[in-house]
Every structure is written in structure tokens, then in C-alpha cells.
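Participant: Structure in C-alpha cells, see below.
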Amino acid sequence: MEDTKVMVPGVPSDEDVLEGMLSRRFQYAKGVLGHSTYHDTFRTKTRWELVRLSLLIVGIECTYATETAFVAPILLGIGLPHTVMTMMWAMPPIVGVLFVPVVASASDRLRSKWGRRRPVLLALGVAMLLGMMLLPHGRLVGEAIGLRTVAWVATLTTIGLTTTDFSAEASNGLCRTYAMEVCTIGDQARVLSTMMLIGGLGGSLGYLFGAVDWSALPIGEYFTSNESAVFTANWIVLLVGLLSTLTSFPEIPLPVQERDELLRPVTHRALQNELRRLRGDEIQTELGGDSIGFRQFVRNTIRMPRSMKILCATQFLSHMGYLPYCLYFTDFVASAVFHGDVQAPPESAAFVRYEEGLRFACFGMALFAAGASLYSLVIERAIKRVGARAVYVGGLMAHCVGMLAMGFLHHWAVVLLCCSLTGIMYATIYSIPFLLISQYHSKNSFAMVDGKCVESTEPRGFGADVSMMSSVLCLAQLIVSLVMGALIDAVGTTTVIIFAASGCSLLAACSAMAVLYMEL
């Protein structure tokens, strides 16, 4: 969306002032002080540098895909009934709702020489890797320590699931926070779109790992099961992504930002202050960083600005529309589209159709991930052309219409088309909300009056607000885990899940109409 700018005689344009501020800080960090590890924060990144910065997202999305495909079979293989297996999915979101915001708040206040985000990402990454090792090997670990009962094996497996899922969700938001903080204002939209692009490729990679019959390959003899091979491949991808992201760009530590104004990132607020100074107007006081205490964090969570409440509500409804598709799509396709039956005898025609449906559903999920990647290539241009509101609402409505069509028309071609539409929605909800939060914080404003931003007097942590998006995902996953199984049993068909997803996406689109976009 093009903004009409009023040029003041004798005052350079916003772009010229921004370029000057970045240049001064770049030269200061690199030359005057010799801080060669800090100057990269003040320069434009190349596309390859943005890819390297985003590779952790590839590992996280690959992990999500592997979990979606294999956690249910692993839990059922232990000997758990379907009802208990479904309840196991509720554990990670419970932990996430309680602790993801706490982790993000602690990251905001971290005074490590390595920065605020990378030490936390390292700890979460190690926890994720350990969880990925435990998840498919719960039975072996149980036997090794003398805990061979179904209850103990299920407990160990659930610990692996909860550790992996919580760490992945917390890392998802923090990785985006870290990326936006080490990028210039102009690169923030580019890095988010890059994350969506290669994140979709990571999801596709995870589903392709699951489609391979590892036992038929020579390397398969080194693994105890097909699931073990898939998780090992995922583990390697996650490790490479973690190391790549953590070593991409250094952060400027919080104490350094507090001491030296020229080593603080250039935000929209800093840019506006510089413009005010050039015009001779009063400037706002800008503190180093966005560090807040735990008490203030709790207060911010309870007393969120109206704009943040609406954004969180929209993201919650968006995930309520996406998660039923994510968790129940394979079973819906196998039973409703291919008319298969998972409880039929293994050699029966109904069971064969169910297996064919599962494989087709995995292909559809890979198409969904690829669609999200491709759409991320154009979403930045779409925002500039028609505005963030139209892109946000349009992405949610694409999923709404797709789910509605899939619910009425049980045809394989419709399924593939609707998977692509869901990819559009996924790319939307993992980019625009984070851009909006960045916009709010950089302008230090969460409200507008008469078309002008109202400065906020309440300190808020950027990382903590980003983590709110992860918390609402955990809350949505908790509700879906507890409610959708009973809903399927009550109605007697998985098609009801598709209609529920469509309805939630429609409500999310309506909520998105009320979101504060601040000229984005």
C-alpha cells in the first residue's frame, strides 16, 4: 500500500534519514569502536544470508511434519486406545500455554554477552534434539532402565513428545524475534517471507521422509524401525538448521545497547525521533532494548492493549481453523474420500483403500507445505500492493472456502486444490501477525486516533508479545485435542472436523477486519 508522504522543505526523506542512521551506526560499530561482530545489524542482508538466518525454521517445520505423521502410530503401537492417545496430544499445549510466555519474557531480560535470543534458542534446540531422540525410542529406553509396562513406556514417549513440541513452539517465535532484531527495518518483511518459503520446504521434507520405505534401503538395516530412521533424518536436519541460525549473525547484548545509543538497532521510533530532531520538534525518550521484569510481563499479559487482544483472538481462531485440518486430515481423506476402514482386516479391500488414502493424504500435505512456500514469495509484494488487511483476510477466507468445498465434495481433485488454499492461509498466519507486532513496537504505539499513532506509556517486551502468538496456538491445540475427538464420536464422521475448521476460519477472517494495521 503506497503512503502519501508530505515533504518538508530542508528535511530529507524518511528513506534518506534511515540510510544515514544505518550508515553512521555501521561505520561506528565497524571502524571507530572496532566491534566487527556488531556492524552486520545495520546493513541490508543478502538473500542467502536471510536463508542461513532462517534455517532453524526448516528443522522446526520438518519436526512438526514428522510429529503429525508418526506420533499417533507410535502411541497406538505402544498399546494405547484411541481415546488415551488423543489425550496425549493435550500435554504439549498445556505446557506451552504456561511456559512459552515465561521463556520469552526471560529472553527479553537476558543480559548475556551472547545476546538475548541465541542462548535461549540454544537451550531449546538441545531440548528439542533430546526429545526427538526419546520420542521413537520410548520402549527401548524403558527396557534399558527396567520400566517395561505400557504405562511407563507411554509416559516416556509422552515426555519426548512434550519436550519436542514445547521446545519447537517456543523456538518458532523466538527465532522470528531474533531474525527481526538483527535485520534492518527494510529486511524484516523479507526475512519473514524467507522463513515461510524455506519453512514450507522443511515441512515438505518431513512428509517426504515419512513416505520413504527405509527398510528397503541399505541404510535401513542400521535402524530398529522405519520411525527410527525418519526421526534420525529429521534430527540431522534440525541440528544443521540450529547451528546455521545460531552462527549466522551476532546479537548486540542488552548491556551494550543500554550504554551506547549508536549500538541500538534502528527502529521506526528511532527514525521518527531523528526526523523530529531535524524538524526541531520534541523527541521521545528511547530506552535501550525492550527489557521488562516478570511482574511487568504478567501485568502486560492481563492488561493487553485492545489491538493486541484482537490480534491474539484472530490468531487463536486462525489456529482453531488450521489445527483440525493438520491433525485429522489424513484420517478424513482415508475414510471419507477413499472410503477406507482402519479397523478392517489387514488384507481386506477396505483396509487397502485406507492405506491408499493415507499415502494420498501425505502427498496432499506435502502440496500444502509447498503451496505455503510459493505463496511466501509473493506475500510481501501483495501487502505493498493491496495492504496487509486484504492479504490477511483473503488468506483466512481461502482456507474457509477450501474446507467448505472439501466437506461437501469428497473428490481427490478437490482435496489437492484445498490443500493448496490451506498453504496460502498458513503462510499468512505465520507472517502478517509478526509484522504487525514489529510495527506496534517499532512505533511504540498500540492505538491510533484520527489516523495518528498514540504513543504507549506502558513498557512491553517485544519477545513476550511475539510469544503470545505461540501461546494462542498452544491454547487452540489444547481445545482441539480435548474437543474434536468427542465431536467426531458424537456425529459419527470425520467430515464434521472439516466444517468446524471452515467455521473457525470464517470467524478469524471477521476478527481480522478489526485488527489495527497502522498503514501496513
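Glycine is treated like the rest: Cβ placed from N, Cα and C.
Found this in TrEMBL, in case it helps:
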TRANSMEM  53-76  transmembrane segment
TRANSMEM  88-107  transmembrane segment
TRANSMEM  119-137  transmembrane segment
TRANSMEM  149-168  transmembrane segment
TRANSMEM  189-209  transmembrane segment
TRANSMEM  229-249  transmembrane segment
TRANSMEM  316-338  transmembrane segment
TRANSMEM  358-378  transmembrane segment
TRANSMEM  390-408  transmembrane segment
TRANSMEM  414-437  transmembrane segment
TRANSMEM  466-488  transmembrane segment
TRANSMEM  494-517  transmembrane segment
Participant: Which listed stretch (88-107, 149-168, 189-209, 414-437) has the most C-beta pairs under 8 A with the transmembrane segment (119-137)?
Facilitator: 149-168
Participant: Between the transmembrane segment (316-338) and the transmembrane segment (149-168), are there three or more C-beta pairs closer than 8 Å, counting only pairs 6 or more apart along the chain?
Facilitator: no
Participant: What stretch, picked from 53-76, 88-107, 189-209, 414-437, 494-517, has the most CB pairs under 8 A with the transmembrane segment (358-378)?
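Facilitator: Ranking 53-76, 88-107, 189-209, 414-437, 494-517 by Cβ pairs under 8 Å to the transmembrane segment (358-378) puts 189-209 first.
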Participant: If we skip the immediate neighbours and take only residues 6+ beyond the ends of the transmembrane segment (414-437), which ones have a Cβ under 8 Å from one of its Cβ atoms?
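Facilitator: Residues 176, 180, 188-189, 192-193, 195-196, 199-200, 308, 311, 314-315, 318-319, 321-322, 325, 333, 337, 360-361, 364-365, 367-376, 379, 383, 388, 391-392, 394-396, 398-399, 401-403, 405-406, 462, 465-466, 469, 505, 515-518, 520.
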Participant: At an 8 Å Cβ cut-off, counting only pairs 6 or more apart in sequence, do the transmembrane segment (53-76) and the transmembrane segment (466-488) clear the bar of 3 or more pairs?
Facilitator: no
Participant: The transmembrane segment (189-209) and the transmembrane segment (466-488): do they have three or more Cβ pairs under 8 Å, with pairs 6 or more apart in sequence?
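Facilitator: No, the transmembrane segment (466-488) does not contact the transmembrane segment (189-209).
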Participant: Same chain, outside the transmembrane segment (189-209) by at least 6, Cβ under 8 Å from its Cβ: which residues?
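Facilitator: Cβ under 8 Å, 6 or more out: 45, 47, 50-51, 53-55, 57-66, 69, 175-176, 179-180, 183, 230, 233-234, 237, 241, 362, 365-366, 368-377, 379-380, 383, 423, 426-427, 430-431, 434-435.
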Participant: Within the same chain, where does the transmembrane segment (390-408) have neighbours whose Cβ lies under 8 angstroms from its own Cβ atoms, ignoring anything closer than 6 residues to its ends? I mean 6 or more beyond.
Facilitator: 314, 318, 321-322, 325, 379, 382-383, 414-415, 417-422, 424-425, 427-429, 432, 495, 498-499, 501-503, 505-506, 508-509, 512-513, 515
